[in-house]
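A quick write-up on the structure given underneath.
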Amino acid sequence: MRNELTAMPHAAPPPLLGVLLAGGRSSRMGTPKALLPHPSGGTFLTHSLDRLRLVCEEKIVVSLASEAHRAQVQLPPSVPALFDSQPALGPAMGVSVALQHASSNGFAGCLFTPVDLPDLSVDDLLSLVHAWRESPTQIVLAQQTDPERLQPLVGIYPVACMDSIQRVVESEHRSLYRSLRSSDHQTVAIPSTRLRNVNTPADLGPPFDST
């Protein structure tokens with residue numbers, strides 16, 4: 001009798017929550033960066049949400065500083081939002097709140113991107129996801145090339161690191177960059193041109209910088 005092997009179905013990859021970080025004050029820009037027009041159409045907000053949807057489908061949320069901030073960035077009612085539990089504690093607070101939400105709702109981790117990176121691509125995010133699936137208990141971060149620099153707000157954080165991120169929030173420096181440089185993580189190289197962030201009108205060029 002010939003034994004036949006039955007192929008077992010592949011296990012579904014653990015679910016990721018896509019988190020758009022849009023809680024900054026945009027003080028140097030003078031207007032919410034989420035509302036800036038994107039070169040490919042729409043706004044920085046709509047472009048960033050569409051980019052995340054192509055990776056995480058509808059499993060996305062927007063991290064904001066407060067309920068009042070939701071109206072300021074004109075977030076559509078259909079898009080869920082998370083709010084910082086304490087004000088003015090920087091992006092580490094948004095990361096911590098998102099990880100707590102992900103853990104409570106059955107997600108394995110969060111894919112974070114800021115709203116002010118207009119040139120980041122879907123392929124860049126997929127490269128992070130691919131690296132994370134190889135080692136889903138590790139933090140995966142974008143590593144800017146030329147010059148090299150870690151980008152702690154572009155990456156995947158597993159819910160297992162929730163407590164360590166909360167300790168960053170409670171620390172004196174509250175710096176993800178400082179903490180992650182000395183912690184265990186893996187990196188994915190992404191060209192610096194695609195990690196260009198926009199902080200002032202001059203970063204946008206004409207006609208926004210009045211030159």
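Note that Cβ sites are derived from N, Cα and C of the backbone, with glycine treated the same way.
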GTP site partner of L21, A22, G23, K33, D84 (as recorded in Swiss-Prot), chosen from D116, D119: D116
Number of other Cβ atoms within 10 Å of the Cβ of A22 (GTP binding site) across all protein chains: 28
Site diameter for GTP, Å, by largest Cα distance between L21, A22, G23, K33, D84, D116: 19
Tertiary neighbours of D84 (GTP binding site) (same chain, Cβ under 8 Å, six or more apart): G23, S63, L64, A65, S66, M93, G94, V97
